[in-house]
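The region 'Disordered' annotation in TrEMBL covers 1-71. Taken from TrEMBL, the feature repeat 'WD' applies to 325-359, 369-410, 455-487, 586-619.
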Amino acid sequence: MAGLVEYADSDEEASAKTASRPQDRPVAASTIQPAAGDDSDEEEDANPLAFTGTDAPRRPQPTASVRRLGSSKISAAPDVLDQDIMTAGSTSLVTRPTDNQMNINLTYQDMLAPVAGPLPIGGEKSFDRMNMLTGHVEQQAMSDLDFKVQERAYQSLGYARNPSELNSAQQPFVGDLIAAQNVKDVSFDTFRPSAAMRQEMKKKRKNKGVLGEFDPEGEEIAEEDRVEYVGPWAAYREERLDIPAGPDEEEYESSARRGDKRAILERSAREVGFGEEKSVFHGAAMRDYQGRTYMATPRDIDTDLEPSEPGTQQCYIPKSCIHTWSGHTKGVSCIRLFPKTGHLILSGSMDSRVKLWDVYHEGKCLRTFMGHGKAVRDVAFNNDGTRFLSAGYDRQIKLWDTETGQCLQAFTNTKIPYVVKFNPDPAQQNVFLAGMSDKKIIQYDLTSEKITQEYDQHLGPVNTITWVDENRRFVTTSDDKTIRAWDYDIPVVIKYIAEPSMHSMPAVTLHPDKKYMAMQSLDNQILVWTTEFKQNRKKRFAGHITGGYACEIAFSPDGKWLSSGDGSGNLHFWDWKTCKKMPQRIKAHNHVVISHAWLPHETSKVVTGSWDGNIKLWD
């Protein structure tokens, strides 16, 4: 192409350009000769309106200007925009991600413009069958037998039946299609290799060796050839067995020694040894003006804390929170009231500390006991409250003096204690039982500081211990979903209760009349057994959801109301006589209500402890 042709915009511009040229210089347009076979002259002659005079208006002739073309360049980038992006119409098409409308009337050319950018490989129709980013996934109903057959065929033969075959036009096989065409039968069970294939397989197998164990001659040959007999278990020549790369026995032993040393150091750092325990008194003075400590029963309150027997008053359901104790940095795992009077609260927490709280005076923390390296699982007072036991996940059981805060003794059998209970018999206050994680109940003697008896019949960790029958027997529950009764100091089960419908019962409470036991079952119901180990099927309490937590049960002092926490932080109440759930439900905490207790000499006061770290008093 010699040049580019420029056309005039109008007749006047063409005339002006023509007049401005010199007369002796030919017009540029005249240099353009018509191509061969061009009949433009004939069309002009045939026009009856054509002018023949000298004054006839001249037809605008295209002007041509010769431009030099530079060196051509090849660009693989497609032409995305034919128009300038900065024009008014184009900039109106550009929107922000937050825009929800376009204030422009699109032209016909803009709406029919092609999509910018190159097309994907295979065209736009390649997206029709794609239901995910990388391809098409579909469901296929297939039996396990067919799936195993096709799987083994693919692993052995290299091909299998196409599960997406819908018609005869599609490929019936997937995998090695050449091998599938050579072999007609695709089934792995009915496939029989040819003689050539069997011969080829034999060449790939290693030597089976010489049987020398039963043949003396063969034994000599085997010793000469040094070939071990492997028989049908000979490997393939191309098979490569991966040798496990790892430490040898010496490295294992040295690593075990280092691990044991590290474990000992970590355990020693976590554990609090006997004699390293601490206690902090938070009050202003240990004794008042009369020389009494916080252990003394308060007499300057309206409630008489020394009646003949707790529970003589009529009890009611509490309605509102009147006080909150805050001091634990983690969840409260258990709370216990001071025996008989209930003027003190002992709480064990997951922050590895035990705290003693005042109920009737200032309502503050009186003393903090620090002697465990891990969370405290359970605490238990003796009969007069002068001493208490604490069991922690650091595998330690410790005996404390309630008044002075001194740790008197420490016990361990290298297992985690889940529950501890003093013997309620006044003559056996030097004996306590502990349910352990190794499925045993351990009996300790505080005098000798030794284990005097082991009750080993459970098949899971022991969760609860309940004394019955005037403290001559005790009942235990475990994660093995059984209830077992024992005679004290005799390691033989006298009653075994296990039913297929039973669940684990991690919380048990004795009724105030000492005739019934209420057990929290993990199927969201409370079941009742008598102290003679018979289930009272007429009494069943439901309507709460424990959520798998070991929420403790409590009775009102008069035995009229049964209460239980749940996994959502609520406190529920039932009528003991009618088993009817009361509509009064207290939203006590933001987390599970794991433990609670009724004050023994109050009509409607309940103390609740939760995993949110707070202890609340309700009335």
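Each Cβ is built from the backbone N, Cα and C atoms, and glycine gets one as well.
Here the structure is a predicted model, which means the values were calculated and not measured.
Per DSSP, the secondary structure of the repeat 'WD' (586-619) breaks down as 0 helix, 18 strand, 16 coil.
Helix, strand and coil counts under DSSP for the repeat 'WD' (325-359) come to 0 helix, 20 strand, 15 coil. Computed over the repeat 'WD' (586-619), the whole-number mean pLDDT of the model equals 94.
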